[in-house]
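Q: Before I ask anything, here is the structure I am working with.
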Amino acid sequence: MAHLQLTALAGGADDEMEEVALLGSYDVEAGAVDEEAGMRRVQVRVAGMTCSACTGAVEAALSARRGVRRAAVSLLQNRAHVVFDPELAKDEDIVEAIEDAGFEAEILPDSTVSQPKSQKTLSGQFRIGGMTCAACVNSVEGILQKLPGVKRAVVALATSLGEVEYDPSAISKDEIVQAIEDAGFDAALLQSSEQDKVLLSVSGLHTEGDVDVLHDILKKIEGLRQFGVNFANSEVEIVFDPEVVGLRQIVDTIEMESSDRLKAHVQNPYLRAASNDAQEASKTLHLLRTSLLLSIPVFFIRMVCPHIPLVSSSLLMHFGPFRIGDLLKWILVSVVQFIVGKRFYVAAYRALRHGSTNMDVLVVIGTTASYVYSVCALLYGAFSGFHPPIYFETSAMIITFVLFGKYLEVLAKGKTSDAIKKLVELAPATALLLMKDKGKYLGEKEIDASLVQPGDALKVLPGSKIPADGFVIWGTSHVNESMVTGESVPISKEISSPVIGGTMNLHGVLHIQATKVGSGTVLSQIISLVETAQMSKAPIQKFADYVASIFVPIVITLSLLTFLAWFLCGWLGAYPNSWSAETSNCFVFSLMFSISVVVIACPCALGLATPTAVMVATGVGANHGVLVKGGDALERAQNVQYVIFDKTGTLTQGKATVTTAKVFSGMDLGEFLTLVASAEASSEHPLAKAILDHAFHFHFFGKLPSEKESIKKRKEEILSQWLLDVADFSALPGKGIQCWINGKKILVGNRALITENGVNIPDEAEHFLVDMELSAKTGILVAYDDGFIGLIGITDPLKREAAVVVQGLKKMGVHPVMVTGDNWRTAQAVAKEVGIEDVRAEVMPAGKADVIRSLQKDGSVVAMVGDGINDSPALAAADVGMAIGAGTDIAIEAADYVLVRNNLEDVITAIDLSRKTFSRIRWNYFFAMAYNVVAIPIAAGALFPFTGVQMPPWLAGACMAFSSVSVVCSSLLLRRYTKPRLTTVLQITVE
């Protein structure tokens with residue numbers, strides 16, 4: 001997730017104290033990032049996994065491969081995420097490792113939607129024309145090395161080539177070319193070290209001749225490194241250099257060069273995955289229908305026909321040595337056993353070949369034992385004349401019920417990923433591109449939304465979705481952003497307003513300029529985050545994985561013990577012969593109990609208990625604007641005992657405004673404000689902006705034009721002429737600023753800054769300052785020419801919901817704490833207003849992490865809620881970090897939760913969702929364990945001596961099939977989750 005960056009929001013006093021890099025003080029995380037730098041990440045579709053034992057086998061096979069750093073396998077998504085060293089292993093090695101473990105594997109093509117690229121240095125090769133001597137070379141090298149973002153530049157005169165290493169996030173290849181041309185040389189990019197892989201579906205590929213035409217077109221495209229055409233699926237996989245050629249250019253070239261005979265479209269990997277899921281469901285349904293069609297006649301011959309005299313006598317007739325009824329059952333069941341049931345044999349063989357066991361092994365043992373016994377009994381009866389009972393219907397019905405359960409499971413598991421499907425569907429399929437040439441409007445063209453490039457001008461009609469992140473360049477409208485941010489009120493948009501891809505334009509026509517496309521958009525980041533969370537394993541799942549690894553051997557042992565116990569007791573006459581009379585002998589009687597034990601045991605329910613619930617919960621959270629980073633974060637949040645709030649921008653609105661300005665010298669108020677505004681104009685701190693705005697409105701209110709754009713231009717003109725010249729400006733973190741105006745030193749900041757510089761604060765000013773701080777205002781003191789001249793009072797209003805949320809957390813048994821860099825009086829006044837008793841004031845940003853560690857000493861689980869600007873060390877140190885109001889650039893590197901909306905109610909939602917999810921997981925485990933603990937003894941015949949009822953093996957198979965389905969359906973109940981109302985949490989009755 002290294003591509004997700006923090007965005008500074010309007011903050012307060014805390015922000016000036018220390019500028020902390022996102023992971024600047026968190027060595028463990030930084031080390032992890034460095035360790036995986038230069039690694040290749042691939043997603044692999046894995047087919048054939050049925051339970052958590054299978055995922056363990058795949059993970060073990062991948063981890064054993066040389067060069068593989070990390071592997072995570074998801075049973076529900078049938079997908080593996082693998083991080084490996086490309087110098088030690090290749091994609092083919094990853095596929096081979098999975099296939100050797102007995103599963104089918106396919107590397108998924110990199111997606112411009114789903115594959116976030118980490119920020120990295122690119123190496124570009126440029127052709128430079130016009131160089132004649134070494135002086136030219138030195139000139140070009142010198143220019144290139146001075147460019148921001150350029151790490152290294154080497155130019156060769158003999159070849160007229162230059163190689164430049166640059167950071168694409170800081171400078172583009174076009175800017176490098178422009179810099180060279182500005183120096184008087186010709187320049188063009190030949191190739192770069194960057195590459196993208198994408199899968200295109202091509203319509204119009206009907207003959208081998210069409211394939212040859214496509215080959216010829218692709219060979220001529222510069223920047224296209226390699227391609228492979230799949231004629232059967234009408235697909236072409238291409239690897240290209242995005243610095244040289246764009247995806248839209250490739251698609252347009254294919255269409256133009258083929259005279260519109262061939263049309264290329266970018267394949268969405270999520271739609272492809274959905275298609276694979278649909279194929280799996282369709283294949284399972286086909287097998288189920290076949291099995292059911294063949295099993296029903298077998299069941300009727302065994303259970304119904306003996307009670308119909310005419311039919312019964314016909315079935316008892318002989319065809320050679322065999323009875324017609326027995327022969328029919330043998331033929332029908334053989335098809336079910338070996339053709340329909342082939343998938344179970346293949347999966348069981350693969351598992352056993354690699355020393356692991358799964359549900360397929362149990363199904364194969366149970367059905368094969370029943371089938372082999374029945375065949376032996378049939379042959380014995382045919383050649384001896386004594387016909388023992390046969391149980392062909394047992395194996396057929398077991399396979400039918402297991403397939404039925406599998407089909408329901410596939411459908412139910414598909415429902416758990418509905419959240420990602422809904423997010424993917426938010427992105428529009430097409431976009432209206434405004435075609436321009438040197439600023440002149442040429443027309444509109446409808447293009448595939450995946451072909452939008454940064455810088456494109458796009459037209460968005462009323463009622464249509466915005467195709468990419470960007471900003472408005474023309475028009476006004478309101479946009480519904482609830483589908484992405486959860487904010488229900490439509491947001492007004494005008495020129496320069498930012499817009500989010502996937503949101504709905506409601507009223508007016510907008511022209512926007514795309515700034516982020518593909519994996520850079522907010523929607524893609526949310527999808528990527530949810531997908532990563534669903535791939536992660538909650539710690540509680542380790543228990544299920546361990547049980548699954550030993551479950552099948554234990555069940556087989558219990559089955560053998562069941563057989564031996566009943567058989568030996570019957571042989572020794574420990575129970576009456578009447579018990580086994582129906583099955584003719586104690587061997588068959590014991591065998592039926594043994595088969596029932598094997599078939600009724602279900603390891604799948606245990607394996608599905610956690611991942612299905614986590615998958616549904618992360619999706620539900622995303623729909624409510626609460627993004628969870630993983631199952632481990634979800635598990636920790638349920639036990640939160642302390643919630644630490646940053647004050648500025650978290651409990652408060654982060655919109656500082658000046659409420660008081662008082663002069664304590666003979667200076668005029670207007671002159672005082674001009675002096676302070678001039679000093680603060682060079683500062684980027686939100687409090688400085690508030691002072692500058694207040695001074696500007698004091699002097700120029702009523703003298704500005706009415707239109708917004710005109711106000712902005714006029715304000716810039718006034719500021720450049722009105723403010724005084726400043727020299728030697730310096731910001732003092734945690735204290736304020738100092739500079740020189742008119743040759744005299746000016747200090748603007750807190751009490752510590754003024755007193756450190758030997759300036760006395762008059763008693764009148766001190767009393768005034770204390771009164772302000774007691775009313776939750778921050779006092780800014782000003783000294784000029786070594787004398788105290790005045791102070792300014794600034795307030796940052798509390799969020800409307802702050803007090804109610806704090807009260808709600810207390811009702812939930814969570815202890816709220818406020819940590820701030822502000823002074824003690826202001827901090828205590830704010831804390832009193834919101835109802836927080838535990839306050840830590842005058843704490844530097846780096847010290848917030850120490851506060852968290854002190855609370856963690858007794859084993860308490862601590863959550864930190866911050867705006868993600870200077871709170872990243874604390875967010876990383878907390879057990880559960882929550883970045884709130886992160887806006888469009890989601891700050892998730894240090895946080896475990898991202899609360900998209902700037903609303904504190906989502907803190908309660910995050911904790912409540914975690915508690916509800918793990919309550920559901922515990923129920924799932926209880927049901928899965930209780931099912932096996934109760935069902936296995938019943939199948940083994942524990943109740944038979946008292947009831948005389950024996951569970952048929954086919955009924956045991958039905959029970960096994962429905963147990964895993966019921967666990968998935970239990971997890972699906974989380975889809976009905978609704979955010980807790982504060983009135984409910986606080987037990988308030990609204991009349």
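Glycine is treated like the rest: Cβ placed from N, Cα and C.
Pulled these features from TrEMBL for this protein:
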| type | residues | note |
| --- | --- | --- |
| DOMAIN | 40-106 | domain 'HMA' |
| DOMAIN | 122-188 | domain 'HMA' |
| DOMAIN | 196-262 | domain 'HMA' |
| TRANSMEM | 330-349 | transmembrane segment |
| TRANSMEM | 361-383 | transmembrane segment |
| TRANSMEM | 389-408 | transmembrane segment |
| TRANSMEM | 543-567 | transmembrane segment |
| TRANSMEM | 587-609 | transmembrane segment |
| TRANSMEM | 925-948 | transmembrane segment |
| TRANSMEM | 954-974 | transmembrane segment |
Q: Taking contact to mean 3 or more CB pairs closer than 8 A (sequence separation of 6 or more), are the transmembrane segment (925-948) and the transmembrane segment (361-383) in contact?
A: no
Q: Within the same chain, where does the transmembrane segment (389-408) have neighbours whose Cβ lies under 8 angstroms from its own Cβ atoms, ignoring anything closer than 6 residues to its ends? I mean 6 or more beyond.
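A: For the transmembrane segment (389-408), the far contacts come to 281, 284-285, 287-288, 291-292, 294-295, 298-299, 301-303, 326, 329-330, 332-333, 336-337, 340-341, 344, 363, 366-368, 370-371, 373-374, 377-378, 381, 582-584, 588, 592, 595, 599, 952-954, 956-958, 960-962, 964-965.
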Q: I'd like to know the mean pLDDT over the domain 'HMA' (40-106).
A: 84
Q: For the transmembrane segment (361-383), which recorded stretch in the set 330-349, 543-567, 954-974 gives the largest number of Cβ pairs separated by under 8 Å?
A: 330-349
Q: Going by DSSP, how much of the domain 'HMA' (196-262) is helix, how much is strand and how much is coil, in residues?
A: 24 helix, 21 strand, 22 coil
Q: What counts of helix, strand and coil residues does DSSP assign across the domain 'HMA' (122-188)?
A: 23 helix, 24 strand, 20 coil
